[in-house]
Amino acid sequence: MSDYKSTLNLPETGFPMRGDLAKREPGMLARWTDDDLYGIIRAAKKGKKTFILHDGPPYANGSIHIGHSVNKILKDIIVKSKGLSGYDSPYVPGWDCHGLPIELKVEQEYGKPGEKFTAAEFRAKCREYAATQVDGQRKDFIRLGVLGDWSHPYLTMDFKTEANIIRALGKIIGNGHLHKGAKPVHWCVDCRSALAEAEVEYYDKTSLSIDVAFQAVDQDALKAKFAVSNVNGPISLVIWTTTPWTLPANRAISIAPDFDYALVQIDGQAVILAKDLVESVMQRIGVTDYTILGTVKGAELELLRFTHPFMGFDVPAILGDHVTLDAGTGAVHTAPGHGPDDYVIGQKYGLETANPVGPDGTYLPGTYPTLDGVNVFKANDIVVALLQEKGALLHVEKMQHSYPCCWRHKTPIIFRATPQWFVSMDQKGLRAQSLKEIKGVQWIPDWGQARIESMVANRPDWCISRQRTWGVPMSLFVHKDTEELHPRTLELMEEVAKRVEVDGIQAWWDLDAKEILGDEADQYVKVPDTLDVWFDSGSTHSSVVDVRPEFAGHAADMYLEGSDQHRGWFMSSLMISTAMKGKAPYRQVLTHGFTVDGQGRKMSKSIGNTVSPQDVMNKLGADILRLWVASTDYTGEMAVSDEILKRAADSYRRIRNTARFLLANLNGFDPAKDMVKPEEMVVLDRWAVGCAKAAQEDILKAYEAYDFHEVVQRLMRFCSVEMGSFYLDIIKDRQYTAKADSVARRSCQTALYHIAEALVRWMAPILSFTADEVWGYLPGEREKYVFTGEWYEGLFGLADSEAMNDAFWDELLKVRGEVNKVIEQARADKKVGGSLEAAVTLYAEPELSAKLTALGDELRFVLLTSGATVADYNDAPADAQQSEVLKGLKVALSKAEGEKCPRCWHYTQDVGKVAEHAEICGRCVSNVAGDGEKRKFA
């Protein structure tokens, strides 16, 4: 028996079946680094229109977690897809390097500044620590396959960036947005510092809730207001609070102007409450016998005075819109030094912003004899006892509620009025302009717009000062007596910035005021405060984007971070850019959800459900992680677990197998010599290229819309359905058995080549390592890297005007599906083994019949059977299977007649008809020894 195997064009490629990504990727990365791939891309894209995705700086502390990976991979997919779309899209990664978490780490090791080390040495240790953290995170980000200028990232602690942060503040001062004031800010007594809103978390806490009576100073005036005379005992206005410790700072009682307030007679006294809350208050304080003597609107009680229960002064009733009927009494204890609403209304009424609490959370001397020096959280019981002693306590109970806590210490924080510096939201129209700018930005998903609008509309002035050691100094001089800023503040700040640019922030603390103030130095003091770390990152549009040469003066097109950054980086960047330049720092803002486990639970070390990106990369490879990110809808929570990653690995295998099939069947194909012109190609091959063209249109549209899960779904459909279960199956016969250099085979290879050129580019932004690997095996002259090129433009398709157009092949796909069902049933019934053992008769109505007949003898190749006949629908025998999909089709199956050809495996009547090749069929004889078969359609 002759060996005809050598006459077959069997697939062959060095591209491995298994990805072995965890082992192979590091080698690819080494090559990317050695070649300076990022530099090669920049050179290739020079002069193209720019797309700038500005990196929100992660905090330089700790290892990267799965959320970091999601963020960096999404950014990388966008940057790479923009590159393929013809943009120059430089990516400069950054890190946030100042701030409290780093200080705390250094404190843990070396003690607080001034203990073992001077403040200057402490800052040097902080800088050193941040640098080691940056190095650790950088290695992991690079391992993810993220391309960027990793050798020259921006760090907020770079001397030049520190100087530019000071300049940004100078510009804001110049535009009139800064003011100083004693104002209640979130204050952590453990940090001994003000906290930004983004540094506050909420946890459940048990507090004492109390109802307290403030007795009226002028009882007769109140009786007159309520038009009553028969009141038994003193009249009091009752407040309700969950922070008894703030009562020493009480300076007023807020009531709502439009609510009805009732004068209620109870045993031995009368109390004033919101009418709608009388019943609930009476239940709470345990009073069943009460009488409503009269009612008035809150506005009637404005400026009547009430005696503080133990502080020895009286306070006014004032009108406030923040009073609600949700809980309490309808009268709100108001301490302007301990709450933002209280502060705002206090300013309106000219109240003192009293703050009796020191930075460590204890009452200052002279507050009240039994409270001086006591920690406020331990003072509640003392205050309650005082109220009881004075007869002012109506009720006390414990209640569980959500309470603001320090994000770092997880301990409760307080509002505390301190002298701070603020960026004003309203004194120069910053709020109004910011709201206007928001409307000009594209928010992805679009609900982000309403979210940030509501935050900007309702946010207080931004407290930008901190009392910390490791941070950018505010670099201000204030007059010793008046505390006014120096008249030459902007000039002085630029002088400081120049020094910081050379020596870093330490230059400010080393600066002797005489050096730049001369004789005025005796009248001015240096402001010791540092800037809120959110000011550092929020000013990078100016301190980084505006000055990096690769951005060439272009503003950022996109900011992309987790959805918590509406209140964080997106907000601080918007505030600073609008205050400096009058415009938003970005054109598009994309947010992604948080990662959760397979059951939708938040990731937590204590539950043990965290997924380590390092582990995933070491076991499965970065491309699997990247594919999971891309295939997950980032607009909601992003679920990840071993099972979910396993599914991503399965999808990856399907894509890889498709790529491998293409490469293996391009064996011996040289596009420069072997390409077949479209008009000479087999129709099915042109259809396949057209499928790729349609897929590319969908995929590019999805990349453009940042719908990466759509990209993956379309890619999978193309690989699994259009190629895997139809086209690639059909062409195996022609590809393997036709003459090696025949038009029939070269047509097929031409299609595979076009498809591979397109596919490798679709993959590149997501499966970057695998695309690079595929690229290396593609035939023909090409650039060294897929990332320097653009989307493939060599695709074409069938014209609608052709008889065998896309609609024709869509119908054929359905026919093939129906035939497959019949074959599967026959296999289950043991009537046939493989599909080539079958011959089918298609009983079709005239329109479909004409289409099927048009394929002639090539219909069997489309159906993967050894025989295929078309007959009249009405002639179908009773056992023919009626199609559920195509009403005008019935399918009958019989065993194929003839012998099996050992070369092509088809059953035919002409095996052995040619004496020189007695074992094979006539078609194979033609392909081995003759001119080769001609294929026109399939």
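Positions of Cβ are set from backbone N, Cα and C atoms, glycine also.
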Swiss-Prot annotation of motif ''HIGH' region' - which of the ranges 14-24, 58-68, 366-376, 773-783 it falls on: 58-68
Correct range for motif ''KMSKS' region' (source Swiss-Prot, candidates 602-606, 817-821, 827-831): 602-606
Surrounding residues of the motif ''KMSKS' region' (602-606) on its own chain - C-beta under 8 Å, 6+ positions past either end: 65-67, 594-596
Per-state residue totals over the motif ''HIGH' region' (58-68) - DSSP helix, strand, coil: 3 helix, 1 strand, 7 coil
C-beta crowding around K605 (ATP binding site), within 10 angstroms: 7
Near-site residues: Zn(2+), ref C901, C904, C921, C924, CB cutoff 8 A to centroid: T737, P902, R903, W905, H906, T908, V911, I920, G922, R923, V925
Listed recorded positions among K183, E561, K605 whose Cα sits within 10 Å of C924 (Zn(2+) binding site): none
DSSP-assigned states of the motif ''KMSKS' region' (602-606) in counts, ordered helix, strand, coil: 0 helix, 1 strand, 4 coil
Top Cα neighbour of C904 (Zn(2+) binding site) in the set of recorded positions K183, E561, K605: E561
Cα-nearest neighbour of C921 (Zn(2+) binding site) within the listed recorded positions, K183, E561, K605: E561
Same chain, 6+ residues apart, C-beta under 8 Å of the C-beta of E561 (L-isoleucyl-5'-AMP binding site), given in sequence order: G56, N71, G568, W569, F570, T591, H592
Three-state secondary structure, which DSSP defines for C924 (Zn(2+) binding site): helix
